[in-house]
Amino acid sequence: MTDFNHPPRILFLYGSLRERSYSRLLAEEAGRIITTMGAETKFFDPRELPLRGQVLDSHPKVQELLELSQWSEGQVWSSPEMHGNITGILKNQIDWIPLEIGSIRPTQGRTLAVMQVSGGSQSFNAVNTMRILGRWMRMFTIPNQSSVAKAYQEFHEDGTMKDSPYRDRVVDVMEELYKFTLLLRDKVDYLTDRHSERKAKVNTDG
């Protein structure tokens, strides 16, 4: 039987390689917030992750990503909005995570929070895309979300987020993710048990 006495395990993915990446700064701020609530957090660094299909999935960076996804009980995806959508940097990370690895499903039943940053006015195109991807990855995406407009104005020089309604929303999102993860993590097997898969297994075994 799985032991759920450990803190909720939250993996952060972000979608920019810039030195002062606002999607990374937003993810790091969210990580600090949810850590104070009691979660354990890990971040995947997308630098040196090859393009999907460029190398075998035995590549060390791919294996690191897959192991982190399997370790996680919840995830946070943070992306800039680029041409009305998420960046290729984030999409490449998601594309490397398969729906199945043998009998293991690296994302099924995980909770998911989505966040985006914009250089201009507030937009929701990136978070909407991430919600669609979360559904395809069989994840439980929480209702709340964060969209930070003019992100270059919202962070101190040290990378921490300024006190503002945008930061308040990030706190709300992390609080909701923490609660949903606690509520769902020991019920994933029950919630993801499907008639069609049971039927297919009977036909295969029979």
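Placed from the backbone N, Cα and C atoms, the Cβ positions cover glycine too.
Swiss-Prot annotations:
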type	residues	note
BINDING	Ser16, Leu17, Arg18, Glu19, Arg20, Ser21, Tyr22, Ser23	FMN binding site
Let me know how many other Cβ atoms fall within 10 Å of the Cβ of Leu17 (FMN binding site). 14
Near the FMN site, what residues other than Ser16, Leu17, Arg18, Glu19, Arg20, Ser21, Tyr22, Ser23 in the same chain have a C-beta no further than 8 Å from the centroid of the listed C-beta atoms? Tyr14, Arg24, Leu25, Pro80
How would DSSP class Ser23 (FMN binding site) in three states? helix
If you count the other CB atoms within 10 A of the CB of Ser16 (FMN binding site), including all protein chains displayed, you should get 21
Most Cβ neighbours within 10 Å, among the binding-site residues Ser21, Tyr22, Ser23, goes to Ser23
